[in-house]
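> Structure incoming, see below.
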Amino acid sequence: MECQECHIRPATLHFTKIINGHKTEVHLCEECAREKGEIMAGSNAFSIHNLLSGLLNFEQPMEANGGSHEHDPLQCPKCGLTYNEFTRIGKFGCDECYKTFDEKLNPILRKVHSGNTAHIGKIPRRMGKDISARRKILDLKDRLQELVEKEEFEEAAKTRDLIRELERGGDQ
Amino acid sequence: MSLQHFINHAVSPWMQADGPDADIVLSSRIRLARNLSEFAFPVIASKEQAQKALYFIKEKLEDESYHSLGTFEWLQMNELQSIEKRVLVEKHLISPNLDKESGDSAVLINESESVSIMVNEEDHLRIQCLFPGFQLNEALTLANGIDDWIESKFDYAFDEKRGYLTSCPTNVGTGLRASVMVHLPALMITQRMNRIAPAINQFGLVVRGIYGEGSEALGNVFQISNQITLGKSEEDIVEDLRGVVMQLIQQEKVARRDLLKMSKIQLEDRIYRSYGVLAHSRIIHSKEAAKCLSDVRLGIDLGIISGLPRTILNELMVLTQPGFLQHYFKESLTPDERDVRRATLIRERIQLEQNQDEPRD
């Protein structure tokens with residue numbers, strides 16, 4: 001069947017419009033449908049997400065070989081999304097999913113983000129106050145370790161005091 | 001409606017201003033993806049949950065204002081005509097994905113349309129800041145400010161290890177997508193872009209055409225954006241993109257100079273022919289229009305053509321897209337009809353400029 005709009009390309013989209021009870025059959029090629037605004041550009045396009053979900057699915061059989069369970073044991077307690085479902089749609093269902101699927105995430109994130117698995121950017125200003133403080137202490141502890149290894153004890157003592165001070169501040 | 005009036009409404013005010021390096025960089029954009037921890041993400045939320053999140057957000061953000069941005073207007077998708085939604089997409093104020101059948105999504109837009117906040121797209125919130133020219137840092141600063149302001153009202157889905165939690169694993173961490181729209185006619189004419197694009201990909205950046213489909217870049221307009229959102233700070237992501245774009249600007253300038261030096265008359269001929277087509281044709285396809293607009297814009301940037309504003313490329317690229325054409329002529333048009341109307345609109349637009357000193361009614 002040819003496209004009823006351009007009469008050149010074959011119609012690949014067939015749908016029925018019902019407006020005020022009046023039924024009309026529409027047969028369009030993708031290009032004309034997009035131009036007419038019947039479908040929005042991009043909604044049908046092959047996207048990075050399709051690619052990603054392919055990537056996730058690819059891992060599935062390999063892991064399934066090791067496991068003896070037929071049903072999927074991993075399910076998010078908050079939104080109900082299963083790991084299988086996650087690999088199919090390539091999307092998380094809620095914030096809790098990240099915790100639920102945590103042990104499976106590193107390989108996926110590494111692939112998508114050039115080997116990275118941890119966030120080092122912005123921390124929410126209001127909610128993340130504790131995190132910011134804790135992160136600073138962790139950084140300082142790393143530094144302390146370095147200083148001790150380099151035997152720069154004077155500087156290390158100062159850093160230790162600073163850590164103590166920050167940790168006390170956190171308790172209050 | 002007069003054309004002038006239509007343009008004033010059709011082209012976002014922020015787009016009419018000139019920015020730094022505006023001869024090559026058309027615009028800079030920062031997008032932050034954010035979710036609320038209280039609700040399931042829109043991709044799997046039930047209708048009831050999606051509505052709950054939508055109204056929860058609406059209550060706290062509708063008609064609110066942030067510093068000098070003015071108040072945010074709330075546009076709910078199920079209250080808009082499909083042509084209106086299409087126009088918002090063509091203005092890059094919403095993504096095509098925001099328009100869902102359920103209609104439980106919305107967008108907040110400020111008066112100058114430089115900021116849009118999509119609600120219930122793939123994530124609960126998508127904050128987008130647009131600046132004319134090359135102003136990535138400015139856009140990031142503004143986006144961060146708006147982000148802090150919104151975060152003062154909502155509990156975000158955030159995890160110390162993974163950062164801002166997004167529906168898609170490709171956005172997790174910073175949730176940041178930084179992009180610039182660049183016009184690279186000389187690199188295309190000299191065919192140097194073929195070698196440059198793969199090199200850009202090596203830096204973890206993505207190059208794609210904005211108008212047109214697939215690898216084809218209509219009007220020689222490209223979008224360059226970061227791919228990685230995790231394991232890099234926001235500042236580093238923006239800085240890496242900025243560095244590459246600065247190189248591109250340099251390369252494009254060299255290519256323009258080479259063209260002028262080696263084939264000035266051929267270049268002038270090409271530009272004036274395109275100008276002639278735009279000013280006089282009666283039927284024009286979007287592809288040809290894009291090519292001619294790119295040539296004319298290059299002519300303006302090189303001082304070969306005067307009396308036309310630089311923004312004519314961005315403006316007419318947007319205005320001559322199917323959604324806008326049908327919006328302007330207020331009717332549904334077949335592709336053949338559109339080519340005729342497109343030619344009319346472009347001619348009128350150019351005449352508008354030529355008659356500018358004369359009184360208009």
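Every residue gets a Cβ built from N, Cα and C, even glycine.
Per TrEMBL, the features are:
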BINDING   B:27-31, B:H92, B:R126, B:177-181, B:208-213  ATP binding site
DOMAIN    B:24-255  domain 'Phosphagen kinase C-terminal'
> Pick out which of the binding-site residues B:R126, B:R208 has the most other Cβ atoms within 10 Å of its own Cβ.
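Most Cβ neighbours within 10 Å: B:R126.
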> Are there any residues at least 6 positions away along the chain from B:S27 (ATP binding site) with a Cβ closer than 8 Å to its Cβ? List them or say none.
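Listed in sequence order, they are B:M15, B:G19, B:L130, B:F131, B:P132, B:G133, B:V180, B:M181, B:N314.
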> When a 10 Å sphere is centred on the Cβ of B:I30 (ATP binding site), how many other Cβ atoms does it contain?
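Looking across every protein chain shown, the total is 28.
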> Kindly assign B:R126 (ATP binding site) to one of the three DSSP-derived states: helix, strand or coil.
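DSSP assigns B:R126 (ATP binding site) to strand.
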> Restricting to the chain of B:S179 (ATP binding site) and a gap of 6 or more, list residues whose Cβ falls under 8 Å of its Cβ, or answer none.
B:S28, B:R29, B:R31, B:Q223, B:I224, B:S225, B:N226, B:L241
> Note the mean pLDDT of the domain 'Phosphagen kinase C-terminal' (B:24-255), expressed as a whole number.
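Averaged over the domain 'Phosphagen kinase C-terminal' (B:24-255), the predicted model reaches a pLDDT of 92.
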